[in-house]
Each structure stands twice: as structure tokens, then as C-alpha cells.
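According to TrEMBL, the feature active site, nucleophile maps to ASP9. Annotation source TrEMBL lists active site, proton donor at ASP11. Sequence annotations record features per position, and here TrEMBL assigns Mg(2+) binding site to ASP9, ASP11, ASP206. Taken from TrEMBL, the feature substrate binding site applies to LYS181.
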Amino acid sequence: MTYKGYLIDLDGTIYKGKERIPAGERFVKELQKRQIPHLFVTNNTTRTPEQVQIMLAENFEIQTPLNTIYTASLATVDYMNDIGRKKTVYVIGEHGLKSAIAQAGYIEDKENPAYVVVGLDWQVDYEKFATATLAIERGAVFIGTNPDLNIPTERGLLPGAGSLLALLEAATRIKPHVVGKPQAYIMNKALSHLGTKLEETIMVGDNYLTDIRAGIDNGFPTLLVLTGFTKEEEVADLPIAPSYILKSLDEWSFDEN
């Protein structure tokens, strides 16, 4: 099978934190050389697409157009627009998320917002949780950017957006509408942006629980690369095998698989 479109995770796949993954860089440059449609699909909501673009260029020597970057922040805005309630929102999150929401015309409202949106927030505190809890109890639509319980850092595994969602779900007894990988919403939107057919588009990532389950659960072929979150010793116990498992993206053949 020769794939005509690629949906690609970033952290752990193309780079790892601040570390380079040379095979990931070569993989992207080969896609560009062959002019194969591809889209970077990331659950990271702390950066804007512009910041991701600059980071890829300055840190990893990957030059990519802005329209090849689709973050969970952008997917969250798309989701809110699809619901179509009034454009008032209370956000727990970092600049990348708040910027995307503000640019789409949404106004902050702590008292009676139409939406409560929760992503990773490095400065989260009790008062933010209290404000969100009360708004959800008043009827705000409760949206989570992504379900990642942990994020890998130099310090070790730290709480991710999913951990913040779990606290609010416990406090309100209401489940959030989660937008990011592995949910169908972000994958359907990403495919629409890419413009290729589902069966000809492969999901590439390092995290079985988010990237690969996003592909499997939504009918995409999948490529798990063992350079990030999911380790080689875990492969034998995976409930559903990915279409392909590689130790390095250098092992991938673009011509036939």
C-alpha cells in the first residue's frame, strides 16, 4: 500500500521534548520532497500554531507551512463553532488555547459562559476549578481539549489535561466532551483539512493510547514508532495491534508497505 496522506503526531514522533529525533526530521523532509499531503495533529494546546511553526524551524530545522499544523486548540474552536451557542467562554488553559478561542471571537465570561473549556494549565489553582465547577453546574457545555492524564517532562510524568478534567468531572458529576486524540472529532476534522481518503491516509505517532487508538478507533491505518511514549516491551500486550510498528521512522518505505 502506498499512502497518499499522513496525519503525524509531533512530540515523541518528530522530536522528543527539546531533543531532536533525526529520523523524524528526515521523515518530514522526505514527505516534503515527494510532495505527499501531510498534517501535524497535536494534542498540545500550550502553543499557538505560529509558535509550533517557529519551534520546528528554529529547534529542529523543519520548515513547514502554517496550514500543516492542526492543534487540539483549533479543533476545540471548530467544535464550539459546530455547537453554535453564544460566544462566551471560561477557559482553563495556556496561551495557545486562549489565543485560538479569542481569535475566533469568543469572549471570557466567568459568571455565565456558554462553554467551559479545559486544557493543560501550568498555573491552575483552586479558584479556577471553583469558577469552572459553578459555570458547568449552571449549564455551560463542558469541553476538554484532550484526555492525556500525564505529560512526559524532564522531571518525569506530570499531570496532563486529562487529570484536570477528572477533577472537574468528579466535582460536577458531568462528563466532558473531549475533542483531541483519540476522539473521532479531531480525526475527522484533520482528514477534512488534509483532503485525502480515509483508507489512503495513515496516522503516525508514538503514543498508543492517543495517536494509535485515534487511528484504530476511527478506521485509519496506523504506524507506531517506538521513539517516545509507548515502549518496545509494551508492544506484545497491546489490545489491538497497529498496522505497522517501527523502532525508527528511518525504517519506513514511502513506496510500498
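Glycine is treated like the rest: Cβ placed from N, Cα and C.
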Requested in this report: Determine, using Cα-Cα distances only, which of these recorded positions is closest to LYS181 (substrate binding site): ASP9, ASP11, ASP206.
Outcome: ASP9
Requested in this report: Compile a sequence-ordered list of residues in the same chain as ASP206 (Mg(2+) binding site), six or more apart from it, whose Cβ lies below 8 A from its Cβ; state 'none' when nothing qualifies.
Outcome: ASP9, GLY12, THR13, LEU224, VAL225, LEU226, THR227, GLY228, PHE229, THR230
Report task. Sort ASP11 (active site, proton donor) into helix, strand or coil using the DSSP assignment. Result -> strand
Query raised in the report: Within 8 Å of the centroid of the Cβ atoms of ASP9, ASP11, ASP206, which other residues of that chain place their own Cβ, given that this set defines the recorded Mg(2+) site?
Result: LEU10, GLY12, THR13, ILE14, LYS16, THR42, GLY205, ASN207, ASP211, GLY228, PHE229
Query raised in the report: For the active-site residues ASP9, ASP11, which one has the sparsest Cβ surroundings, going by other Cβ atoms within 10 Å?
Result: ASP11
